[in-house]
Amino acid sequence: MVLQRVIRAVIMGPPGSGKGTVSARITKTFGLQHMSSGDILRANIKEKTELGLLMKSCIDQGQLVPDDIMSRLILNDLRKIDNSGWLLDGFPRTVSQAEALDYVYSVDTVINLNVPFQTIKERLTSRWTHIPSGRVYNTDFNPPKVPGLDDVTGEPLVQRDDDRPQTVTRRLKSYETQTEPVLEYYRFWYHSFKVLDSLHLVHQGGNQKQSSPVLLKDDHTLVGLSHAST
């Protein structure tokens, strides 16, 4: 079912929370465009746009990209699809970015993938990869036939640096520190806050908004927020 109303939503979640899978399901179900900040950033750097060059300079120098540049980058792309519904992934990551987005667009729904960090750690640190093919195994629920070896080639599997326990812990802590203020911002400005667990559709609306759909996935908890009236 594709809704006729233009829906603008934000999805948040730590690395390893299944954000890509959930985003794909939501965009397909509701006919939204998936706007990934990472994809937008890489495209601008590749095309050597003005903002892309600014961002590349920051990255090359090991600096954080300033909020105003990141906000301009994302808002520029959103303006190109003004008449379309979208699901924004990877932005905002700071309160300043959230304020910049709210200044231009009225966000209907914010979805937070509230997956326990311990679950994510177990999921990610159990992953082993066959680098040449990109095949990924999980020692818990999708193990290779022979431990440590690729099923097709018999070549050794490796654990990527991003999947090592110490790296996963550091990434999750960084995410928590960076995004908790953003979640608090949305909790303050959005009057409805519900935690839901099973796979179904739920409609939530503010005093001046129409209902906002939230799609839930089996083993995830999605938090849907509807904007407070002003």
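Glycine too: its Cβ is placed from the backbone N, Cα and C atoms.
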Which one of 36-65, 96-125 shows up in TrEMBL as region 'NMPbind'?
36-65
Of the binding-site residues G16, G20, R127, Y137, which sits closest to S37 (AMP binding site) by Cα distance?
G20
R127 (GTP binding site) as reference: those binding-site residues from Q63, V65, F91, R93, R160 with C-alpha within 10 Å of it:
R160
Cα-Cα distance maximum in Å, computed over every pair in G16, S17, G18, K19, G20, T21, R127, V136, Y137 that the record assigns to GTP:
19
Find, for the listed binding-site residues F91, Y137, the residue with the lowest Cβ contact count at a 10 Å cut-off, counting only other Cβ atoms.
Y137
Among all protein chains shown, how many Cβ atoms are found within 10 Å of the Cβ of V65 (AMP binding site), not counting that one?
18
If you count other Cβ atoms within 10 Å of each one's Cβ, which of the binding-site residues G16, G18, G20 has the most?
G16
